[in-house]
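Scroll down for the structure; my scribbles are underneath it.
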Amino acid sequence: MASKLVRHSHLRALSSSISINNHIHSPHFSNPNRAPLSFSYRLFSNASSSSSSTGGFQRSSSLKDLELAKFASIAETWWDSEGPFKPLHVMNPTRLAFIRSTLCRHFRKDPNSARPFEGLKIVDVGCGGGILSEPLARMGATVTGVDAVEKNIKIARIHADLDPVASTIEYCCTTAEKLVEEDRKFDAVIALEVIEHVANPAEFCKSLAALTVPDGATIISTINRSMRSYATAIVAAEYLLHWLPKGTHEWSSFLTPEELVLILQRANITVREMAGFVYNPLTGRWSLSDDISVNFIAFGTKNCQ
Amino acid sequence: MFCTRVIARKLYVNVSRLKVRHKPFCTDAATRVSGSNCGQPSPEHKETHDLSNNIQHYDIAIVGGGMVGMALACSLASMPLTKHLNVAIIDSNPALGSRPYFNKEDPPDPRVSTVTPATISFFKDVGAWQYVEQHRHAYFDKMQVWDYTGLGYTRYNAQDINKEVLGCVVENKVLHGSLLSCIENTDFQKTIYPSKLSSMTLPPSPSSLGMDSTSSRPPLSSQRHLAKLELSDGNSLYTKLVVGADGGKSCVRELAGFKTTGWNYSQNAIICTVEHTVENGCAWQRFLPAGPIALLPMGDNFSNIVWTMNPKESTNRKLMNEDEFVKDVNNALDYGYGPHPTSSLFGSGEMFSWPRAGVTLSANDCFEVPPKVVKLASERMVFPLSLRHASDYVSKHVVLIGDAAHTVHPLAGQGVNMGFGDAFALSRVIAEGIAVGSDIGEVTVLKKYEAERKPANIMMMGILDGFQKAYSVDFGPLNILRAAALHGAHFISPLKRSIISYASGEQKLPLFT
């Protein structure tokens, strides 16, 4: 096993010298008023793509099968904005605001355009029911959505066909590794809430990097391994608020921002921006913030060789 | 016998073939077939013309092209993220089809609105205020509110809230015409349907998107996620979002099944234009036993009257001769029902003097008598008063704005300002949704609009209803309390400022700012 699972403790030791540029630049969407409380929780939207990292690794297949079964059982409710995926629907605009802001700047697109991503090829790794893919398509991108759960892909396809704009999305039941084998390339590779369900994050990042064109963008969101994330994502979200089914997350498999920056660096991707998501229980909305202690999202660019 | 029957059948066949041939023109019939053979709709956010039938697709259909509906259209046309939207406006009002033209010599129409500084800045943002300024309008920077008991009065000045004006009185037709002119001068894609909504079919909820439908059923048509509107002239259209801007008796609200709560005040308002010998520069409101009378400046020597009273009085006053009516109005605005209030009551304001501390310049303003009315300058119109509020403003693919969502007492002229506030908020929420690639018919997008507007509207409705109730009882102790409230509002400057701020459309809670 050449790609041995990188031990978190090892990574943590290395990461102390890395400084993270967590400058947020999204004047239209970031909320300057930080919520006094910030309950956050881990999203499990793309958990199914855990398989993508495991491609040929037998070891993690049991976990994968369990996760696949878990998400397949609620796949039909993907598009019910009042259903089990409600928290995700509520959070989606905030994730997209970050994506819009960073990609518009990197690719020099007009932020006042209704379709700023026109001309960009984007892959949504772990697309689930297509909650992220459809908005990206409406914003003008040429979108490929991949997910390891066939049922998700079916749901995504049916739903996308309801809207002429979204019907242009290419959905495939496949993994990031297989796309690499097919030698596919994208201007931007997006994997939201996937990496914490993956057996080998370092290998997964290498696959994402291989899918990204030189000077292209890679965006990853996940949950931090902090005391606050334990309190909010596991105790609050799973046990107190019942937002998520119990056992959705395994805290020890979370990555800290420093660790993520490091493994992306090794995959030839430089993290340029990082932001946190905070939930305001009074307004019921999420906003972007400097606070990366629970949910966070990273934007990186692939180095030109 | 046999022969004739055959002929009859032949005739019938011919007739039915004729009908078929007419089908392409009769869109209503054509829609029934549309579901299965929908064409290849364009992936652009553009009007798609379905070849198999004549049904147009739109991003937004605004039902009701009145002031609030047109304000929404203008606002959408003015923002970079929404100006590409393809919008249908459904209204049978012929004014929508023609360029507005007003004769400056005509006396002002009695249907006017008192627009707040917030509404004025909204009109400036969308580019419509310049057209208002070309027509008759009257800014006012002073306001006097008093009480028939002679116990209390209060005067507001624009400078109390650091504004140049408290508001502006504009004829509704001017506001509407300005919005029309504004939108005519953009390249916004809008289609006006001079018709009425007759039925609305909403798509099924997405939770019914089960797996069983994937295998057996044919591919779902793209129209499955659109609302279908059928119009009284036989036209039909598909849209992602239906906006009900069709007033207090909203058809959209009815068809979408929104519940409302409300009541009728057994009161009517008489509305008319009157003339003075001098120009009036102040808004006046006096609370009388049966309800308030307001005298609003309208430019030149004209003013507008909104006078609330019981239905019997309103019938009498509508029918009485003009001279008598003018006499009644002057009486109501001067010594009728009770004396002029003086500030010497309540110990010459001593008990309220502590918070003054040099802030309340206008507190020293003396009570004034409004200018005399010399002539009635329009017909007298009578409207019943009611309060109505929809329990929800949004559902999937449908949203209510303006009077369709809330109908109020015209007490402070707040009704249309609330509607403009709705239009502005909704267009902004739509723009924010488009920025992040949302489907604009999604309820999660629309809920943001509801969350923003409902508390603001309920608060304003509560204030207006409270005022109405407080002044519909003529009972000694209550009168004194009421007068004390007016007195208090007059002298306690920070409180007064926040009340006017709220009444002038600023999005803050009174008292807590």
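Every residue, even glycine, has its Cβ placed from backbone N, Cα and C.
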Out of A:ARG95, A:ARG100, A:ARG225, which is the one TrEMBL records at the S-adenosyl-L-methionine site of A:GLY126, A:ASP147, A:LEU192?
A:ARG95
On a C-alpha basis, identify the one among A:ARG95, A:GLY126, A:ASP147 that is nearest to A:GLU193 (Mg(2+) binding site); the candidates are the binding-site residues.
A:GLY126
Using DSSP and three states only, what is A:ARG95 (S-adenosyl-L-methionine binding site)?
helix
Would you count the other CB atoms within 10 A of the CB of A:ARG95 (S-adenosyl-L-methionine binding site), including those on all shown protein chains?
27
Which is it, of A:ASP147, A:GLU193, A:GLU196: the one of these binding-site residues whose Cβ has the most other Cβ atoms within 10 Å?
A:ASP147
Among the binding-site residues listed as A:ARG95, A:GLY126, A:ASP147, the Cα nearest the Cα of A:GLU196 (Mg(2+) binding site) belongs to A:GLY126
Where the record says A:ARG95, A:GLY126, A:ASP147, A:LEU192 bind S-adenosyl-L-methionine, what is the longest distance in Å from one Cα to another among those residues?
19
